[in-house]
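K.L.:
This is the structure, below, for whatever I ask next.
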């Protein structure tokens, strides 16, 4: 379906004509707004500044306001807000005063899912990639799903799209427990880790119970697809009173991977499924964590009747997601070039998975890493884990912590991380103060054949394109969306 082709609004929401998003440029908001636009609703939204995202929505017919003001809500039948927006926001305050409904983004997503065949992907890590893989395999199988993803699906050029089938594939966000709004027919749990613990009062058992509650939102005829390689997911499995299908490398998995082999960006493996012939597949992403993401996809696709041919095609043709081990291109250095990679990972487990993928696909190459921790609270809570995993790089440059609205926490900053990593004796990290231009610092450290990884969830997101366009790297080669050099 053409992305901006208009469909009919949902009859169940016939009283709603104009929907206003507060913070419409956010990654969790813009996708829902785009789907609603394509369903025929009037959409408006505000954000603190314009962006490529808001320009895209404007091109589809959304009315965009820069800044938050009470008058932006005129004509709105409902306001959609993210968890970062509170009642002190002038638009929210005005809506409440005028008795205009104010709903969390997850509740609006739940309404889109309510009358569709919903597939919700939850878990601390791997949600975006797994959701994207499912959408790609379903598309290869001719099912034309609607999808709402927390990252840019390279093949589609967007993080959301309205399909013609009843399938709706979306991420389920545990960071604020808003995934409890969703009532899908199929739910995935990739893993459960200690992150966003403030939402759960610092109680890991409460986090585990919330995931069980999420799975119990499934109907009795639904399906919970669970990765039992993760010890916490395995731990909650007996508590889930819904039909389940398990996946992983474990021998007791319902869907299992064997014979994994990695060759650069390509990963090859064989899938074993109960009462099925073995299936040989490949995916254009490195690392065992992406094998697990692929297994979740294969489990759901098999259960939904997608053919093996479409599964193989959808996985092998997958072009990746923005900032998930995204190969940006090559930087010229003396004697050759350096592969430039950008990645969103910001939890020690995600960092470890990416480093493992680099070692598996390019065992003879050095890893030069520029890393930016995200949030002081996360750095504090997972400090020792960060020290251990970041010490595995060959060369490490640490940018200062991206605060994401938090106040500094004593001891939980990048200068202290550098000191702790240095004490391990494996490498001597370089501390980067805020505002320092990276290209002149990075270039002397690079050797031909290196892999340069820019990783983190903060404003490091703009570093890879800046390096690619830096006058210090004249002749840099840009990669296509498939990670191939143009």
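A Cβ is built for glycine as well, from the same backbone N, Cα and C atoms used for every other residue.
Grabbed the feature section from Swiss-Prot, which reads as follows:
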BINDING   123, 124, 125, 126, 127, 128, 129  ATP binding site
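On this model, are these features tucked inside or out on the surface, and what's nearby?
P.N.:
Neighbour density for residue 125 (ATP binding site): within 10 A of its CB lie 21 other CB atoms from the protein chains shown. Secondary structure from DSSP puts residue 125 (ATP binding site) in coil.
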K.L.:
Within 10 angstroms of the C-beta of residue 126 (ATP binding site), what count of other C-beta atoms is obtained when all protein chains are considered?
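P.N.:
Summing over all protein chains shown, residue 126 (ATP binding site) has 24 other Cβ atoms within 10 Å.
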K.L.:
Other residues near the ATP site, CB within 8 A of the CB centroid of 123, 124, 125, 126, 127, 128, 129?
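P.N.:
These residues sit around the ATP site: 121, 130, 190, 191, 293.
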